[in-house]
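Everything on this sheet refers to the single structure shown next.
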């Protein structure tokens, strides 16, 4: 399935129906009064966040969306039928942005959130509404109001428990494929992953959602490589799993390349809890691995893990699961001052 995380849409709510100017016409009723009905309200366009969706693919060929207009009122005080609302489902984590002002209208970051982006026009008034003691037979009615219209941008920022980060070709896709049911493409060349992939890893009796973020290169914060197309997805991850190719000549430089790009893009990203793993350890001798591991651990002043292609992933997944659960517990503390 294609992954689409940004689309531009033109939205037009339905116009209100016109009011009606009519009079009662019956046998033996010489002076029937006004009985024109009101116009129906135009349809709204409403967005709802759906936890079962993970891409904006539904909008690929649907860039102009218009709700139906209300029907005009008729005689016998019958109001016109209201226009039908349009309900649009988007993935959780979708931001709705005004294209002109670039203002975030709403951030649908929780399941089942509902937001009306454009409102349908009010229906016009029939001539019954203008009857008075001085005007017993009004012929005046009003037209329906036009529905709101707006150009918007939908931007999806993937919601996941763990985000796998690192330079291109460090084994991120392979890790996700091994620990989940993801069908991520794997290859021995840079930018095998050109869009975020999501996978669900089972850890004992629970599950965690893991996102494979495309490789980060120097100047990614300026848009180099795949740039902003994927850096934004890291903002919603609870934990970062930083994979580094152990065969890299300069381990610290390899770490800093990714770390610095995150900091330059959004300084808050480097405040996220990070687990650092040296990957592809089956390609080097144990003594060389230990030397690089200790060198990086001393530089970071924290533990660095090692991973080979044949290693059991459950220990790392359990560690990630524990960290994720801690984040969930600490999301909101109403008693914390």
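Every residue gets a Cβ built from N, Cα and C, even glycine.
The following features are taken from Swiss-Prot:
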| type | residues | note |
| --- | --- | --- |
| BINDING | 166-173, 191-195, 212-215, 279-282, 310-312 | GTP binding site |
| BINDING | 173, 193 | Mg(2+) binding site |
| DOMAIN | 1-159 | domain 'Obg' |
| DOMAIN | 160-329 | domain 'OBG-type G' |
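Feature annotations (Swiss-Prot) mapped to structure.
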residue	record	CB count, 10 Å
166	GTP binding site	26
169	GTP binding site	17
172	GTP binding site	29
173	Mg(2+) binding site	22
214	GTP binding site	25
280	GTP binding site	21
310	GTP binding site	7
Do any of 166, 214, 280, 310 (binding-site residues) have a CA within 10 A of residue 173 (Mg(2+) binding site), and if so which?
214
Under DSSP, is residue 172 (GTP binding site) helix, strand or coil?
helix
